[in-house]
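Novice: Here it is: the structure, laid out below.
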Amino acid sequence: MKSLWLCWALWVLPLAGPGAAMTEEQVLSSLLQQLQLSQAPTLDSADVEEMAIPTHVRSQYVALLQGSHADRSRGKRFSQNFREVAGRFLMSETSTHLLVFGMEQRLPPNSELVQAVLRLFQEPVPRTALRRFERLSPHSARARVTIEWLRVREDGSNRTALIDSRLVSIHESGWKAFDVTEAVNFWQQLSRPRQPLLLQVSVQREHLGPGTWSAHKLVRFAAQGTPDGKGQGEPQLELHTLDLKDYGAQGNCDPEVPVTEGTRCCRQEMYLDLQGMKWAENWILEPPGFLTYECVGSCLQLPESLTIGWPFLGPRQCVASEMTSLPMIVSVKEGGRTRPQVVSLPNMRVQTCSCASDGALIPRGIDL
């Protein structure tokens, strides 16, 4: 079975782009932008020979240098596996429900979340209620269903984030699917021990105006199964994941092995020598150079049978999924005097390489 699986899979050639190494031009461009300059200044060696770097400036530089190894910016995301998690309605009002999903140990270790789908069973509207509604409100038969991620903060306050929203008809019934991938991404960012995943489901009027006030009151979602008592209508959370053992990157490249088309996605070390750049002379005081990295190699592609469900996703590519900043000490000339200044250039060094699909959602960070 394993050999058959590998026969289905494809390998793509390395692509230049998000995982490419930082170039001299990019460093210069970022530095000019940070200092709001149009071109690199020309400084004489006499301007910097006798200039001492104060202790507080060097301390600031060292602190940023240490922090750059801890602070990372993320960017990246299929499904070899999916799991269903049964949820329960914790609280129910006229048009709002709060779903609670126990998530611990639901996501396999060393896996990548591709998509999370919330499935709610819309119950059919009784015929008598439907006929009465059509007689009183003939202009609109739809309601808006909104899914929000709810976070309970340590101080007891609540914060919500909009996840998905769509219109449903009161004439329909059955399973409705909502994309809640971003909510699970938010949940994964919580510190341990994590609280359960809380999803707030709101049913509202389609729009303001006469004839629309009661449509949303007829939309009901099953909380404890279908009328047959088999529990098939309760809320379900499908988690689609990939095993990164097969579909992820391998970490750092082996320096003893040359990179080829068949090399699995990895981070390759490179050194950018700032001292050898004419424009940096007498301008950049620290560092003399720095280790930079690029993401090289190929990523295992999913067989067509698994990609049909996600037509919006392109091929999996080897890209930089985490970047760090690059602190520098530069010479700044003001009023005939030259002084040292610390700057930090964001997203200048590749920290982690990953296999990600073109077109996949870039997870937002929690800002609630």
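Quick reminder: no glycine exception, Cβ is built from N, Cα and C everywhere.
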Novice: If you check Swiss-Prot, which of Cys7, Cys355 bonds to Cys299 via a disulphide?
Specialist: Cys355
Novice: When DSSP is mapped onto helix/strand/coil, what comes out for Cys295 (disulfide bond)?
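Specialist: For Cys295 (disulfide bond) - judged by DSSP and reduced to three states - the answer is strand.
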Novice: Have a look around Cys266 (disulfide bond) and count the other CB atoms within 10 A of its CB, chains all included.
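Specialist: Taking every protein chain into account, the count is 20.
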Novice: Under 8 Å between C-beta atoms and at least six apart in sequence, can you list the same-chain neighbours of Asn158 (N-linked glycosylation site), or say none if there are none?
Specialist: Leu150, Arg151, Val152
Novice: Out of the disulfide-bonded residues listed (Cys265, Cys295, Cys299, Cys318), which are within 10 Å of Cys253 (disulfide bond), Cα to Cα?
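Specialist: Within 10 Å of Cys253 (disulfide bond): Cys265, Cys295.
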Novice: Since the record lists Cys253, Cys265, Cys295, Cys318, Cys353 as disulfide-bonded residues, which of them has the fewest other Cβ atoms within 10 Å of its Cβ?
Specialist: Cys253
